[in-house]
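Record features, source Swiss-Prot:
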COMPBIAS  413-426  compositional bias 'Polar residues'
COMPBIAS  438-451  compositional bias 'Polar residues'
DISULFID  C34-C44  disulfide bond
DISULFID  C72-C83  disulfide bond
DISULFID  C97-C111  disulfide bond
REGION    267-352  region 'Required for JAK2 binding'
MOTIF     211-215  motif 'WSXWS motif'
MOTIF     313-322  motif 'UbE motif'
SIGNAL    1-16  signal peptide
TOPO_DOM  17-237  topological domain 'Extracellular'
TRANSMEM  238-261  transmembrane segment
Amino acid sequence: MDLRHLLFTLALVCANDSLSASDDLLQWPQISKCRSPELETFSCYWTDGKVTTSGTIQLLYMKRSDEDWKECPDYITAGENSCYFNTSYTSIWIPYCVKLANKDEVFDEKCFSVDEIVLPDPPVHLNWTLLNTSQTGIHGDIQVRWDPPPTADVQKGWITLEYELQYKEVNETKWKELEPRLSTVVPLYSLKMGRDYEIRVRSRQRTSEKFGEFSEILYVSFTQAGIEFVHCAEEIEFPWFLVVVFGVCGLAVTAILILLSKQPRLKMLIFPPVPVPKIKGIDPDLLKKGKLDEVNSILASHDNYKTQLYNDDLWVEFIELDIDDSDEKNRVSDTDRLLSDDHLKSHSCLGAKDDDSGRASCYEPDIPETDFSASDTCDAISDIDQFKKVTEKEEDLLCLHRKDDVEALQSLANTDTQQPHTSTQSESRESWPPFADSTDSANPSVQTQLSNQNSLTNTDFYAQVSDITPAGSVVLSPGQKSKVGRAQCESCTEQNFTMDNAYFCEADVKKCIAVISQEEDEPRVQEQSCNEDTYFTTESLTTTGINLGASMAETPSMEMPVPDYTSIHIVHSPQGLVLNATALPVPEKEFNMSCGYVSTDQLNKIMP
């Protein structure tokens, strides 16, 4: 509360000080104005204030070119408390300074130039004239005239004046102004008939911003002019406001209707739908419900979505077709007899027909009755079982061996069976080379037989397609011969055993007897001799005889030729084939058995 009282007291003190200062100013005499009506003479006016002895106040003036203050030349012409300067005391381009003073002090002082204080007198002789009325008789146009101030020498061009006209209805308080103009004739348009107007005019120097005093008011009344006016209702004004309001409402309603009618389309344009995954031929509901089995069955029924059937094994390759090679078409190879008409009739592994090209194709869906499942499913069958199945059905499934080769091998097996005694004698003559570090030259037919025994484990199961016959058969190039089997056979015959030791391991004797049984038809030139002091145990006599008989019995069955080709699994591309993968046989593990020892005498008795 104390703070509020303090602030209020300070405000009152400040207000009193300002009022006292203004009162002090009003108490002193001041120059109110100086004006020149025509730019030839000028007058200055002042106020006395509270000074009673007016006779003591004087107006002093001085031109800047002079240095002395002079008293006013005329105190009477311009009126009370004024000083008039006629043309003899007026210099337009020379500044003046005036001041109010008495004998002891100066009350007020001003400096100016004559052209700065020009305030023309008001125009005179205002008048108006009716120009025309509207067809309805509601509005009328008039023209207002006046004369320049008589004190201003406008005709000679000593001063140029601009005029401002203001008008209003009689009952109104605000004046309407027109733009200043140089002409003394101004038209007024669209004045309402039956209304009275007031008009006034004032002027100013063209280069000045201060207007002079207004002229006398001119009253305009259409009834006084003798114009017959039909009293009617108020002028019907065009309802612009209502038009704007209703127009905006109509546009809003139209926009709402358009939005409602085009709502789905606009919704798609503003918020486009998220595309759902679509597969041709598959119902999207299956994907939503998670029925993957049905989706997989549908995909499997279409060729476009069918998965590739080649295996992931590294030894399954793609074979390119070289159809345009004319040299391969004219070349006669061993596979021409292999894929002859008789052979194709008996074996139908390559007899499927391709509807697109007319050539033979082993595409899997077209051969439902073949036994490829026994050799193609490498993932479901072990390597050993698959090898057994291939060896049992290799002639029916692979279809790649010549009949004459089989007959030749069978005749060779029969010859071996009918002449055991001869084989025994040859073995007795050739049983010592493994112990004498000597090499023999093998018979080509027997070497081929031995190589065929091991060719299944070292055969490349791929073949180059050389031609497709008009009948639809696929002609394959000759496969690579088994080199590893031949090397093993030669290494077996070339094994050397030293005679430094008087004992021989029973396992070594069995190996030698097995080798001799396989090479019973090979001629031997070198002769062997053994030490008389050597001997071997008799516990292996029965085993050796049994092994010898078993090896002789198994030799014809193992002499079956192994094919160097394989069947076509699927046509992968217009120039590529996928062959069936044939599992390589897994070699049986050899276990070191404890063996007895035999002497050289017992060995001579066993060896024929």
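The backbone N, Cα and C atoms fix where each Cβ goes, and this holds for glycine too.
Note that the structure is a prediction, hence the values are computed from the model and not measured.
Everything Swiss-Prot records as a feature, shown here on the structure.
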| residue | record | contacts (Cβ under 8 Å, 6+ apart) |
| --- | --- | --- |
| C34 | disulfide bond | F42, S43, C44, Y45, V98, K110, F112, I117 |
| C72 | disulfide bond | C44, Q58, L59, L60, Y61, C83, Y84 |
| C97 | disulfide bond | Y61, M62, K63, R64, E109, K110, C111 |
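In this structure, the disulfide-bonded residues under consideration are C44, C83, C111, and the one with the smallest number of other Cβ atoms within 10 Å of its Cβ is C111. Counting residues of the motif 'WSXWS motif' (211-215) by DSSP class, helix then strand then coil, yields 0 helix, 0 strand, 5 coil. Following the DSSP three-state reduction, the secondary structure of C72 (disulfide bond) is coil. Averaged over the motif 'WSXWS motif' (211-215), the predicted model has a pLDDT of 93.
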